[in-house]
Amino acid sequence: MTTIQQQRSSLLKGWPQFCEWVTSTNNRIYVGWFGVLMIPCLLAATTCFIVAFIAAPPVDIDGIREPVAGSFMYGNNIISGAVVPSSNAIGLHFYPIWEAATLDEWLYNGGPYQLVIFHFLIGISAYMGRQWELSYRLGMRPWICVAYSAPVSAAFAVFLVYPFGQGSFSDGMPLGISGTFNFMFVFQAEHNILMHPFHMAGVAGMFGGALFSAMHGSLVTSSLIRETTGLDSQNYGYKFGQEEETYNIVAAHGYFGRLIFQYASFNNSRSLHFFLASWPVICVWLTSMGICTMAFNLNGFNFNQSVVDTSGKVVPTWGDVLNRANLGMEVMHERNAHNFPLDLAAAESTSVALVAPAIG
């Protein structure tokens, strides 16, 4: 009994030091308890992604025995390469290595995709928790991790919620450049995302956030308080940790208020920076919500043949042009799976030409 207690005490001897090291804010890079989970998960996801991108064999993504190659060793380059999503034959089943009869079978059915995305999602969630943990240790407010939740929600939407809604991980976003574009085209074809208000909010958030960031940076740079001569860079006029303002917010406020109008300019630095953070974050949240609703086929607005003249004849609009483009993309994707688009099969045929050409 004494021997067992001595062994246990020797095993736990370094535990307090380990806890202190994990939670110490004096480390060059903060680890934290969330970091204990984050580091192995992101390492596993990154390692599997790199190996699969270089050497993974083709994957039967559609479940029809027609494998799609995505790795360098099978003829792809950095643009066309991808980690191909797991097979439609697997569906939503959890598919770790031990569920396959052989490693070749696991690779053929796209097992690396699930390994990467599951470890990646756990890793970025732990990274978000680590941001909160470090803020808590330093006595800061928790808004950094709240802002980071926007891209995290987007990742969960395309890698987890959308496959759940569509019934198969084969519908998830491929892990590559061309695969991402293919995912976007197919998403537009099947869900008309461009006509969804939440996607429009996301576009406003991205372009608006870039505009506001450029406006703020240029205003601050243009109203710096000169502390140097003309021979030195103005950057030398700032000392890290100085208490004085480094730019004149009154001058920036006055300039922008006269450029647009008075109330278009913030006179409070704190509310200004809250707006700069909240605008893109809220809009990306909305976009993620839109992806999650479209995952269950609550799609964007449909304005097909919505304008008619007094005789009931359809007056074509850009909505009809968009619909025709959607149909074209839909019939082209998964062209060997022989899944005829339901909206083409169910609706009346749309004439391409108004008058049949004369023969002879």
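Glycine is treated like the rest: Cβ placed from N, Cα and C.
According to Swiss-Prot, the features are:
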BINDING   H119  chlorophyll a ChlzD1 binding site
BINDING   Y127  pheophytin a binding site
BINDING   D171, E190, H333, E334, D343, A345  [CaMn4O5] cluster binding site
BINDING   H199  chlorophyll a PD1 binding site
BINDING   H216, S265, F266  quinone binding site
BINDING   H216, H273  Fe cation binding site
SITE      Y162  site 'Tyrosine radical intermediate'
SITE      H191  site 'Stabilizes free radical intermediate'
TRANSMEM  30-47  transmembrane segment
TRANSMEM  119-134  transmembrane segment
TRANSMEM  143-157  transmembrane segment
TRANSMEM  198-219  transmembrane segment
TRANSMEM  275-289  transmembrane segment
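A Cβ within 8 Å of the Cβ centre of H216, S265, F266, the residues given for quinone, is found for these other residues of the same chain: M215, L219, A252, H253, F256, L272. Just so you know, of the binding-site residues H119, H273, H333, the Cβ with the fewest other Cβ atoms around it within 10 Å is the one at H273. Of all the recorded positions given, namely Y162, H216, F266, those whose Cα is no farther than the 10 Å limit from the Cα of D171 ([CaMn4O5] cluster binding site) are Y162.
With H191 (site 'Stabilizes free radical intermediate') as the anchor, the candidate recorded positions are Y127, Y162, H216, F266, E334, and the one with the nearest CA is Y162. Annotation note: F266 (quinone binding site) sits in a coil segment as assigned by DSSP. In space, F266 is the closest of the binding-site residues F266, H333, E334 to Y127 (pheophytin a binding site), judged by Cα positions.
Just so you know, the Cβ of the residue listed as 'chlorophyll a PD1 binding site' picks up 22 other Cβ atoms within 10 Å once every protein chain is counted. Looking only at Cα atoms, E334 ([CaMn4O5] cluster binding site) sits nearest to Y162 among the recorded positions H119, Y162, S265, F266.
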